[in-house]
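Notes follow the structure.
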Amino acid sequence: MAGNNSVVGGAVSLAQINEKVIIVQMLVSIFLCINSLLIITFFKKECFYTTARYILFALTLLSDSLMLFMSDILLILNHFGISMQVWMCIIISVVVLVYYIVTPVTLTVMTLERYVAICMPLRHAELCSTRSAMHCILIIHGLSSVPCIVVLSTFFASASLSLYKQYRLCSVEMFMLYRWQDRVRSAVHQYYFLIMVIIIVFAYVKIMKAAKAASGEDKKSSWKGLRTVILHGFQLLLCLIQLWCPFIETAVFQIDFMLFINVRYSNYILFNLTPRCLSPLIYGLRDETFFHALKNYVLYKSDI
């Protein structure tokens with residue numbers, strides 16, 4: 001009887017896990033379709049790919065899509081217990097680690113762009129030109145690579161040569177051979193997000209002062225910019241919470257395995273998918289110019 005109960009319980013648990021995987025796949029598919037539509041719209045009008053804030057918006061769309069696609073592949077592989085050689089996992093993890101940071105760094109740069117547009121309008125054309133946006137993209141990727149370099153450097157310094165040919169389930173936690181490596185990674189991420197929060201709070205305060213002092217159309221534009229900064233701050237908060245998820249999951253894993261699975265998938269949806277779903281909302285729907293271009297493209301395709 002006890003054996004039958006354990007089999008039934010195991011079957012129910014497996015069904016629950018499969019159900020969560022299906023839900024995640026549906027959400028990721030919807031998100032990638034929306035992003036693809038927005039990226040196509042971005043390239044349809046010249047004013048988009050020659051304007052700094054739209055270029056940075058497109059960068060968030062591309063980085064979010066790549067990040068979700070790669071992390072979803074790892075999720076599926078781990079779900080089915082498919083292992084790979086460590087050296088191959090390193091190549092995949094480089095993309096995931098870099099583009100995990102690209103989005104919040106880009107959000108911070110977009111916040112600074114709004115600050116310049118509202119508080120320094122006379123210098124906006126000079127500081128936020130297309131050329132400057134291209135330079136910003138290079139700087140963003142350079143800054144986003146630092147945490148990845150730190151994680152892999154500590155791993156290379158600690159791992160033996162034989163480890164690279166072994167087969168393992170691919171995850172970022174695989175590179176944490178010692179507890180101090182996990183602490184170093186956490187410290188670097190916390191430092192990054194502390195700087196980002198300081199920048200966003202600074203921009204928020206400055207834009208708020210400008211909004212209170214402005215009048216007419218300038219006042220409307222300033223308050224709209226302020227709401228954009230608030231949404232960027234909320235995105236960063238969700239990204240910051242995601243850094244604490246591994247600590248929560250480790251503690252829960254020692255209590256109950258099914259609870260651990262539930263917490264992991266909940267964290268993935270809330271703190272991985274959600275902040276990356278806000279980018280289309282902020283510019284794809286709230287920006288009137290982009291929204292009209294998107295609407296016209298959809299209507300044009302529906303008429304064909």
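FYI, residue positions are counted from 1 along the chain as it appears here.
Glycine is no exception: its Cβ is also placed from the backbone N, Cα and C atoms.
According to TrEMBL, the domain 'G-protein coupled receptors family 1 profile' annotation covers 34-283.
Distant neighbours of the transmembrane segment (22-43): 49, 54, 57-58, 61-62, 64-65, 68-69, 72, 75-76, 265, 268-269, 273, 276-277, 280, 284, 290, 293-294, 297-298; these residues of the same chain sit at least 6 beyond its ends, with a Cβ under 8 Å from one of its Cβ atoms. Taken from TrEMBL, the feature transmembrane segment applies to 22-43 (among others).
According to TrEMBL, the feature transmembrane segment maps to 55-78 (among others).
Counting residues 6+ beyond its ends, the transmembrane segment (84-112) has Cβ neighbours under 8 Å at 53, 56-57, 59-60, 63-64, 66-67, 70-71, 73-74, 77, 136, 140-141, 143-145, 147-148, 151-152, 159, 163-168, 170, 172, 174-175, 189, 192-193, 196, 199-200, 203, 228-229, 232-233, 235-236, 239, 275-276, 279 in the same chain. For 84-112 (among others), the entry in TrEMBL reads transmembrane segment.
Taking Cβ pairs closer than 8 Å, the transmembrane segment (133-157) reaches residues 52, 55-56, 59, 90, 93-94, 97-99, 101-102, 105-106, 109, 172, 175, 177, 181, 184-185, 188-189, 192 in its own chain, all 6 or more past its ends. Look at TrEMBL and you will find 133-157 (among others) tagged as transmembrane segment.
Summarising the annotation, TrEMBL assigns transmembrane segment to 188-205 (among others). Remote same-chain partners of the transmembrane segment (188-205), defined as residues 6 or more beyond its termini with a Cβ less than 8 Å from a stretch Cβ, comprise 101, 104-105, 107-108, 111-112, 114-115, 146-147, 150, 226, 229-230, 232-233, 236, 239-240, 243.
TrEMBL lists 226-244 (among others) with the feature transmembrane segment.
Averaged across the domain 'G-protein coupled receptors family 1 profile' (34-283), pLDDT for the predicted model comes to 83.
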